Amino acid sequence: VQQRVILCFFSFLAIINAYTMRLCLDLSLNRIVLDCKEEHVDQKKTKENWILDLAVAINQTAFLLSSRLAAGKEEKLKPQLAQHQQQQQQLVPIPHTTGEWHSPTGISCAELWSRQSQSLVIISFYAGYMLTHIPGGRLAERYGGKWILGSAILLAAILTLLTPSAVRVGGPSALVAIRLLIGLCEGPTFPAVSAMLAQWVPEQERGFLGSCVLSGGEIGITLLQLVSGLVMAEQDWPVAFYVVGGGAVIWFAGFAMICYSKPDNCPYIKSEEKDYIKSQVSDTLICSAQDGNAMVTIPPPPWRSMLLSTPVWALISASMQHDWSRLELSQELQDVLQELKAQGSTMWDEVVASLTLTAPHIGNWVASLSTGSLSDFLISEGILSRTQTRRLMSWLVFFCGSMYMVYVKANFGQIWSCLAVGAYYAGIKLLPLDMSPNYAGTLMGLSNGLGSLPNLLMPYLKELEEQYAIVGSIRVALWLICASYISGDVQSYNQLGTHTPIAN
């Protein structure tokens, strides 16, 4: 088997793992809240309450003495003291065995897991996710994407395995913290994958192999929905985290042994394949980590030229709109399963519902392979240039997305959505590899990192779009502008200039 295919396969699995760990909590949050509602409030005080008990006792004593001095009669104070003691007891927080705080009057978990708390839990991942995109891309370009990607997935997997314990021990606040850490760990995933694809994937195969890898999230969503459907049917939500986290750990073991950042570093690759890859990647790409007897370092990216580039901002805007259009993804399965549970359905009914919801995502992935292959054909046969092909795919996203909105209630409406998503991966998502092979990680960090901004502002954007119809028109206009200004040509800032040799 060709080593570039193996590298793409493991990168594809990395994207799957990243998506399953990202969305696992989103699909399980309702079940967590329901479990919390069903728990009995533990009235037993623990050793940690001695400070609160002491404070209450001192407060009650002070109240008793002051009342006696004021009234002069103990009998008149008994009703007041009883009322005051009752008020004090209502204010005493007592830890529950799961780490949540309950009052003796029984504050429900629904109040602790309010809508605000649940929204904070969901967006906390994206707050961390956005921060490490660009640093992850730069590290992957400088030191190779293998260990940056491997470390990102492994750390996220460990935190995912710890998530059920964090929920039981610390409640919402602990969950927010651990989701923030998972987001920080997963941020470098796409930039590191892009940096490796720039080294391994020939230009004439970029559409097919690149689309296959970068659209792996669609398969990740499919697998997670199937697992969540089975787990929710059994009402054992922690199992989903153990399955997802355990799978990512197993992936890391195989990835670390077989994959390498660049073809020159791989001991398993044949010389014929290595020469073929070098002859087919961009002429401006640094393929080897060594140049003679000296190490070649990639200088920092020219930020000024990059940030003043119109195609870069067209890429960022298109990425933001794609994420915005898929905000309600994680809510679909929860709503369907909760409705089925309310109707007293069987586990088989819930599994069938999960399969029905996952079918479009499989269609999205197949469509990405088809449009990616079409892109390679158009470019290799000289029918269209690379920029024209990418713009064609962008227009296809707009057209198919519009047709889906028109026929959303028809049986064939979902086909348009699949074509739109597939064309997005074969067009917009490949642009960092096209525009700057040497800085593909940085460009992916910019586009995918800022593209995740709608996920961070999700509650506000949904409300904004519901209140103001003009928001949809603005989005359409922005997409048309993006489709007109994106570029698949290698940009001027990709040139490295002078390289700094470092003696071995």
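A Cβ is built for glycine as well, from the same backbone N, Cα and C atoms used for every other residue.
Per TrEMBL, the stretch carrying the note transmembrane segment among 44-62, 310-328, 443-461 is 443-461.
Residues of the same chain lying 6 or more positions beyond the ends of the transmembrane segment (467-486) and with a Cβ under 8 Å from any Cβ of it are 310-311, 313-315, 317-318, 321, 324, 387, 390-391, 394-395, 397-398, 402, 427-428, 431. When Cβ-Cβ distances below 8 Å are used as the criterion, the transmembrane segment (173-196) is approached by residues 7, 11, 14-15, 18, 21-22, 25, 99, 120-122, 124-137, 139-141, 144-146, 148-149, 151-153, 155-156, 159-160, 162-163, 166-167, 213-214, 259, 261-262, 432-433, 440-445, 448-449 of the same chain, each at least six residues removed from its ends. Per-residue pLDDT, averaged over the domain 'Major facilitator superfamily (MFS) profile' (52-504), rounds to 78.
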